[in-house]
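Undergrad: So TrEMBL lists the following for this protein:
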TRANSMEM  20-42  transmembrane segment
TRANSMEM  96-117  transmembrane segment
TRANSMEM  138-159  transmembrane segment
TRANSMEM  229-255  transmembrane segment
TRANSMEM  276-296  transmembrane segment
TRANSMEM  351-371  transmembrane segment
TRANSMEM  392-415  transmembrane segment
TRANSMEM  421-442  transmembrane segment
Amino acid sequence: MSSAEKTKRVVLNSLKLCILLGLLYMFVCSLDILSSAFRLLGGKAAGEALGSTVIAQNPVAGLMVGLLATVLVQSSSTSTSIVVSMVGSELLTVRTAIPIIMGANIGTTVTNTIVSMGQAKERNEFRRAFAGATIHDIFNWLTVFILLPIEVATGYLYYLTDAIVVAIPHGDGKSKEPEFLKIITKPFTDKIIQLNATEIAAIAKGENTTGNLIKNGDHIFSNTTLSNIIVGVILLLVALFVLCACLIGIVKILHLMLQGKVAVVIRKVVNAEFKSCLNVFTGYIVMMVGIGFTILLQSSSIFTSAMTPLVGIGVISLERMYPLTLGSNVGTTFTSMLAAFASTSNFYESLQIAFCHLFFNISGIILWYTIPPMRKIPIKFAKSLGNTTAKYRWFAGLYLLAMFFILPAAVFGLSIAGVDVLLAVGIPVLVLLVVVVIINIIQSKRPSLLPKFLQNWSFLPKPVRSLEPYDRILKKCKCCK
C-alpha cells in the first residue's frame, strides 16, 4: 500500500470516527428531548398517579404506578425523586414507596426497547437487538415477581436498608450530583426546551400549581402560547425522527468500520472470557464496566440504548449484554444516593429509598446471576422474544404497548376497583400462566411425562397457540411485513 493510500485510509477512518461521535452526541440529545416530550405529554398524569391514595393500600398498585409514571416521564430518576420528596413530605411512608421504586426500575427499560425497533428492517439484526433490549425488562420483571411478595410478607428491603441508614452520619447538604454527560449535552438541549420538574412533584403532593411545565428562559419554546400537550407532540415527533436517523447512521458507520479482521478482533476482545479459574469473575468485571459507564452517563437508559445497536450488529453478544445491563441497573442508583447525601432535610428517608433501589438490584443479581443455571433463564426468555419479533416484526409494537401501557394500566384499574377484584382476576391469570410455563418446560425436556394430548398444543385452536393467523391479517399492512 502506497503512502497516499495509507493517508487516504487514515483520513477516511478519522472522518468516520468524527461522524460516529457526532451521531452519538445527537442520539443522546434526542433521548434527552424525548424524555422532555414524554414529561410534557404525561407529566401531569404521572404526578396525579403518584399522588393517588390507592398506592398506600395496595403494593401491586404502587408497582404499576411506579412503572406508568416512569414511562410517562421517561426517567426513573425523575419518578424516584418525586417519590423521595413525597416521603419527605410524609405523603408516603418508605414502606409504601418501595413498590413504586420497583415499578420505576421496570419503567426505565422502555427507552432501549424503542431504540431496538430502529433495526427492524434487517431481521437478524432485529432479533439480536430486541433480545438485547428486552433482557433488561425480563430481569426487572423476574426480580419483581420474587422480591415484591417477599417484601410485602417480611419487609426485607425496608428493614435491611433501615439498619444501614441509621448507622450513616447525617448529610451536610454540601454534596452535589455530578454532571458528566450533561455538561456536554445541556448547552444544546437547553436551547430546545427547559422544563420545571418541580411542577410534577407539586401535582403529586396535591399542591396548587400553574400546570405549566415549561420554564421561561433562553430556549425555543420560552413564553410560547402553545399548550404542554402540543409542545410535547412536536418534541416527540422531532426527537423520534432524530433518534431513528442517528440510529440508522450509527449502524451504517459501525458496519463500515467493523469489517473483516477488525470486526473479528473487536468481537473477540469485547466478548472475551478470562482463562482458567478466573473465568468465573468475567461477568462481574463486565458489571463493573456497566456501573462505571452508567455513573459517567448518569442514565441507565442512555447506556443500554447505546449498547443495543452493538448487540444488533453482533459486536456484543447477548451473554455479554446481560452483565452490562445488570451493572447499569446498579450504576443508576448512584445519582439518587448522592442526591440523598446532599439533602439536609428528610435525610434518612431520602437515603433509605436510594438504598432500597440499590439493594433491589443487588438482590436481583444474586437471584438471577450468581448461580450459573439461573442466569440462563432471562437470556432464554430474551432470545425467545428476539426470535418472535424477527418472525413477526409487528409483535415488537404489541409487546411495547402491552408491557408498558396496557398491562400496568389494567392492573392499576383493577386495584382501584378494590383488592378483592384484583385478587379475583389476578390469581386465576397467574395460576394459568404458571401452569402454561411448567407444561412448556416439560414439553421441551421430558414430554413423555405428560398425557399424550398435552405433549404439544395442537389440540388448541390455532389463534390461541400461534401468532400466524394474526400475521396473515397484518401482512396486508405494508408497515407490518
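Backbone N, Cα and C define each Cβ position, glycine as well.
Small disclaimer: the values here were computed from a predicted structure and weren't measured.
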Undergrad: What same-chain residues lie close to the transmembrane segment (20-42): Cβ under 8 Å, and 6 or more beyond its ends?
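TA: Distal contacts: 71-75, 78, 111, 181, 184-185, 188-189, 192-193, 195, 197, 200, 213-214, 228-229, 231-233, 235-236, 238-240, 242-243, 246-247, 249-250, 253-254, 257, 297, 299, 301-302, 305-306.
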Undergrad: By Cβ distance under 8 Å, which residues at least 6 away from the ends of the transmembrane segment (351-371) in the same chain are close to it?
TA: 80, 83-84, 87, 94, 97-98, 101-102, 104-105, 139-140, 142-143, 146-147, 157-158, 160-162, 164-165, 168, 171, 283, 287, 322-323, 326, 329-330, 333, 336-337, 339-341, 343, 377-378
Undergrad: Are there residues at least six beyond either end of the transmembrane segment (229-255) with Cβ under 8 Å to its Cβ atoms? List them, or say none.
TA: 16, 19-20, 23-24, 26-27, 29-31, 33-34, 36-41, 115, 118-119, 125, 192-193, 214, 221, 309-310, 312-313, 315
